[in-house]
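Peer 1: So TrEMBL says this about it:
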{"type": "DOMAIN", "residues": "312-577", "note": "domain 'G-protein coupled receptors family 3 profile'"}
{"type": "SIGNAL", "residues": "1-20", "note": "signal peptide"}
{"type": "TRANSMEM", "residues": "314-338", "note": "transmembrane segment"}
{"type": "TRANSMEM", "residues": "350-369", "note": "transmembrane segment"}
{"type": "TRANSMEM", "residues": "381-406", "note": "transmembrane segment"}
{"type": "TRANSMEM", "residues": "427-450", "note": "transmembrane segment"}
{"type": "TRANSMEM", "residues": "470-495", "note": "transmembrane segment"}
{"type": "TRANSMEM", "residues": "507-529", "note": "transmembrane segment"}
{"type": "TRANSMEM", "residues": "535-555", "note": "transmembrane segment"}
Amino acid sequence: MLLCTACLVGLQLLISCCWAFACHSTEPSPDFTLPGDYLLAGLFPLHSGCLQVRHRPEVTLCDRTGSFNEHGYHLFQAMRLGVEEINNSTTLLPNVTLGYQLYDVCSDSANVYATLSVLSLPGPHHIELQGDLLRYSPKVLAVIGPDTTNRAATTAALLSPFLMPLLLEQIHKVNFLLHKDTVMFNDNGDPLSSYNIIAWDWSGPKWTFTVLGSSTWSPVQLDINETKIQWHGKDNQVPKSVCSSDCLEGHQRVVTGFHPCCFECVPCGAGTFLNKSDLYRCQPCGKEEWAPEGSQTCFPRTVVFLACQEHTSWVLLAANTLLLLLLLGTAGLFAWHLDTPVVRSAGGRLCFLMLGSLAAGSGSLYGFFGEPTRPACLLRQALFALGFTIFLSCLTVRSFQLIIIFKFSAKAPTFYRVWVQNHGAGLFVMISSAAQLLICLTWLVVWTPLPTREYQRFPHLVMLECTEANSLGFILAFLYNGLLSISAFACSYLGKDLPENYNEAKCVTFSLLFNFMSWIAFFTTASVYDGKYLPAVNMLAGLSSLSSGFGGYFLPKCYVILCRPDLNSTEHFQASIQDYTRHRGST
């Protein structure tokens, strides 16, 4: 493992050596060195670093004018004094002389140079990487400093593969008196002696210090008089012991350096929250919950659907109920006047099938209200599509039959006879309706519409809806009705020159165009809006289609029956047919 470590740090050390030793003098000042049996290294900032903005790595020269650092000088003198006191004592380390090498670590480059110099072997100024680093013996036994966190982290990273500092093996056996106080160490090398806690006061012309408290080891006790502490903040406020202030609520801590106390505050994203038990990671909310950006808690999602109690629902329900009543009333009116020319020309008993299909489509629209259920999802779209198919089939075959009677009965009597004898109108309606029924059954089996809870579209809502709009069966059913609408429109347009009482091209064209516009508006809205009221838009499109079909075909006939009974007579229809015959004969 030590061999792997050596390989990993080898390239870094070699590059650092080339850079550091090439940029610094390797001969320390005589005032910074003291020979001895064992050498200690001191890394102190005797000069301040350069604060100018640099666009590329540069070596900072320490002995610049006006950059002297008093604090680093105090640390430097304290170490010199400590070593000299030990060497002058006959009891501390008898027969052993301590030496030192002191380095000015005014910058990052100077700090790297000093650390590499500490690791170099006695005599030659180079570092050897060996397989067994336990046998590596640099010229320095231990290191004191640096005094800043960043530089200490750099020094520790370079020293640790070489097991530096290697504590004195016999340090836990030391036991001596120093100014009437006992100095001794435990097995870890930590001091157990009593000491005073002092604070230097540099505010006056002379340096003084104040005793703030004391520490004793038998018994272990620490006493501090906080009233004597003079902080440098405004109004003697205690400075914070972290490099970053606490984050706002809902902001996670993103560590920016080596230590967790140095961090940036980043707000938790939407859908996540910050639990106080873990300030460094935002946690996701549950499926039924949501949270805005920068939240420290999650909130329940609001479940939404088209409820019957809403004003929009009341309007649509009232309009749909009115349409149903009109359909029932028209059915009763046509049954009462079944033998009149207007009802017979409209299709006779076929009208009741048309009215019933419109009523079935209208009834399916009630499934759009309230919380979606499985029966509602299965029936509401499929029943509407099938009902409207029957209506369009009847409308198409009725217009086509009028064209056959007035235009092809004389020109193609065989075709007319076959059409009548084989009940062509009823057969067409049955085949057309059966085709749509097959499409709807396939839709319900293969792409079964089911109630679902949708979570993706809105972060704070749970949309209750049916899945029918996402299926191919839904598209096929409405494309089929679109083809039937085009065929009905074509047949009604071909009959635009029929007798006035049979000419419904204008009304049918208007109703079919309104039907197209309704569904184009719905699909356009669905492509840009996917919210709570989309079922209401869907229902409005269906209601518009049914209303346009009813209004374009049945309302004119109801008007004649109720308001113009003089036009609902056999004489009037015969006169209209005679005028049409004379006109065609003259042309």
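Glycine too: its Cβ is placed from the backbone N, Cα and C atoms.
Each of these features: where is it, how hidden is it, and who are its neighbours?
Peer 2: Looking just at the domain 'G-protein coupled receptors family 3 profile' (312-577), the mean pLDDT is 86.
Within its own chain, the transmembrane segment (314-338) has Cβ neighbours under 8 Å at 308, 346, 348-349, 351-352, 355-356, 358-359, 362-363, 365-366, 369, 536, 539-540, 543, 546-547, 550, 554, 558, 561-562, 568, counting only residues six or more beyond its boundaries.
Sequence-distant contacts of the transmembrane segment (381-406) (same chain, six or more residues past either end, CB-CB distance under 8 Å): 346-347, 350, 353-354, 356-361, 363-365, 415-416, 419, 424-425, 428-429, 432-433, 436-437, 439-440, 443-444, 449, 466, 468, 474, 477-478, 480-481, 484-485, 487-488, 491-492, 494-495, 498-499, 502, 504, 508, 542, 545-546, 549, 553, 580.
Panel annotation: around the transmembrane segment (427-450), residues 353, 374, 377-378, 381-382, 385-386, 389-390, 393-394, 396-397, 400, 466-468, 471-474, 476-477, 480-481, 484 of the same chain, lying at least six beyond its termini, place a Cβ under 8 Å from a Cβ of the stretch.
Long-range neighbours of the transmembrane segment (470-495) within the same chain, counting only residues 6 or more positions beyond its ends whose Cβ lies under 8 Å from a Cβ of the stretch, are 381-382, 385, 388-389, 392-393, 395-396, 399-400, 402-403, 406, 432, 435-436, 439-440, 442-444, 446-447, 449, 502-505, 508-509, 512, 515-516, 519.
Counting only same-chain residues 6+ beyond the ends of the transmembrane segment (507-529), those with a CB under 8 A from a CB of the stretch are 395, 399, 469, 478, 482, 485, 488-489, 492-493, 537-538, 540-541, 544-545, 548-549, 551-553, 556.
Tertiary proximity for the transmembrane segment (535-555) is limited to same-chain residues at least six positions away from its ends with a CB under 8 Å from its CB atoms, namely 305-306, 312-313, 316, 319-320, 323, 326-327, 330, 346, 351, 354-355, 358, 361-362, 364-365, 368-369, 384, 388, 391-392, 395, 465, 469, 504, 507-508, 510-512, 514-515, 518-519, 521-522, 525-526, 529.
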